[in-house]
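Undergrad: This is the structure I want to talk about, given as C-alpha cells.
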C-alpha cells in the first residue's frame, strides 16, 4: 500500500516537472520569437534609414557632377510668404524677373544672370556669378527660380548679405525700392513692414487700389473712343 502511494507521488512529481519544463520551453521560445521580431524591425528601420541616406548621397553626387535633374518647385504664394513687401513691390520684382528670363522657362540661369548684371552696370566674373546663385539656390539646380529671386531682396532688406556680395549689388542697382538699410536698420525695417501689413485690410486696400486704377484706365479709354467717334462723324458729315 505504501509502495503504491509512493509510486503515485513519484509519478505525480514527474508529471509536474514535465509540464513545468514544457511551459518554460514555451516561454523561452516566445521570448526568442519576440527578440527576433524586434531585431527584424530594427533591421528594417536601419535598412530604410540607410536607403534614405544613400539616396541623399546619390542626389548630392549627381548635383556635384551636374547630372541631377531639377526638382519641380512647389507652388507658393509670394504675397503670403514675403509679407514684408507690398503687392506693388512684388509685382515690380516679378516684372524684372520676367525681363531677364529670356528663355521663358521660369528660371534665370547663369548666362541670363550674367546679362542682367551687365545691364545693371556691375558685370561679374564666371565664379562670381556662380557664387551669387549659390547664396540663394535652395534646390541646388544652379539657377534662380522666382522664389529664390525674391530671396535676394529679402536677404538684402534684412541685412543678411555681405557688402561685397554680388546679390547686394544687384538689389541696390535694381529700380525696385525695398528700403535696403543694412544690418542696423533691419530690425526697424521689418517692424515697420509687419505693422503695416499685419491686418488684412492693408492687403485688401492694395487690391482695391489696383482695381480702381484699372477702372480709371478703362474710363479713359472709353472717353478717348467716344471723342474719336465724334471727331470721325464730324468729318463724315
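Including glycine, each Cβ sits where the backbone N, Cα and C put it.
In TrEMBL, annotation is done automatically, which means it is predicted and not curated.
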Undergrad: Given the ranges 21-41, 42-62, which one is assigned the annotation region 'Disordered' in TrEMBL?
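TA: Based on what TrEMBL states, region 'Disordered' spans 21-41.
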Undergrad: Checking feature assignment: coiled coil per TrEMBL, candidates 172-199, 200-227. Which range matches?
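TA: Range annotated as coiled coil by TrEMBL: 200-227.
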Undergrad: What is the three-state DSSP composition of the domain 'EF-hand' (88-123), stated as helix, strand and coil residue counts?
TA: 23 helix, 1 strand, 12 coil
Undergrad: For the domain 'EF-hand' (124-159), what does DSSP give as the number of helix, strand and coil residues?
TA: 23 helix, 1 strand, 12 coil
